[in-house]
Amino acid sequence: GILFNTGAGQHILKNPLVVNSIIEKAALRRTDVILEVGPGTGNLTVKMLEKVKKVIACEIDPRLVGELQKRVQGTCLANKLEIKVGDILKTDLPFFDACVANLPYQISSPFVFKLLLHRPFFRCAILMFQREFALRLVAKPGTKLYCRLSINTQLLARVDHLMKVGKNNFRPPPKVESSVVRIEPKNPPPPINFQEWDGLVRIAFVRKNKTLSAAFKSSAVEQLLDHNYRIHCSLHNTVSSFLIYEEIPENFKIAEKIQTVLKNTGYSEKRARSMDIDDFIRLLHGFNSEGIHFS
């Protein structure tokens, strides 16, 4: 008798075959603590409770919280379920071994990065996404869907597309097709300042078909990097590991320095759409070596 709020991404996974397939691919263990986001009426939750030590279910809608509580009330599963009520994006994540969820699609991107920056590390996440979002997560350099989301996710995790899920497997059916993805964080993570990395990648992918030389000629980009460069130089006016910083000359132009870095690293005429993780690591090192920072 519940009216689902499709605007809030409430599309309940109703096909038990899909539910069982997701659980099988998660390779759950008896000792696992599982994080589930958007449990809905609990079709996935109840199946997981039968297999694991504990499920922490995070739900924003009090009506669905009530339905989930009624479903396990009086059963041996009730003491294995912990329900957290509220917005998962505004909540500190608890400790968990794996995350299994049919996510509200509008929180897909921020939730992925909240997961990947979470510590301590978890083993894996098995997540349902809108099909196109899932394909962007796994897209490779040179393909149409390759974007900032692709490279940022793949920097921090191994990502695999597991299966397609048609819209008729949900109640009510969404307007888009869905996919299930496995995300396994890299542990240890790459030795990169993620804020610096994301600042560089963000600039490069604003116009991913432009050459980097053209992308970095934006006045907003030049103003930002000039500001960062002057702050960096003021903080490192003695010997650093790369340079001896001297007083910045009055005729200094950040645009010239940016283009020199791009030329010296060999990326001036490259385009973000075809650059892989190693390319961006080398480019970031080239900028940082010259005192140019992105955060």
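Cβ from N, Cα, C; glycine included.
A TrEMBL annotation is a machine prediction, not a hand-curated record.
Bear in mind that the values here come from a model prediction, so they are computed numbers and not experimental data.
What TrEMBL lists as S-adenosyl-L-methionine binding site is HIS11, LEU13, GLY38, GLU59, ASP87, ASN102. Marked as domain 'Ribosomal RNA adenine methylase transferase N-terminal' by TrEMBL: 18-187.
The average per-residue pLDDT of the prediction over the domain 'Ribosomal RNA adenine methylase transferase N-terminal' (18-187) is 97, rounded to a whole number. Around GLY38 (S-adenosyl-L-methionine binding site), the same-chain residues at least 6 positions away in sequence with a Cβ under 8 Å from its Cβ are GLY9, GLN10, CYS58, GLU59, ILE60, ALA101, ASN102, LEU103, PRO104. Shown are the binding-site residues GLU59, ASP87; the one with the most C-beta atoms within 10 angstroms of its own C-beta is GLU59. Sequence-distant contacts of LEU13 (S-adenosyl-L-methionine binding site), defined as residues of its own chain at least six apart whose C-beta falls under 8 angstroms from its C-beta, comprise VAL19, GLY40, ASN43, LEU44, ASN102, MET128, VAL165, ASN169, PHE170. Neighbours of HIS11 (S-adenosyl-L-methionine binding site), defined as other CB atoms within 10 A of its CB across all chains, total 25.
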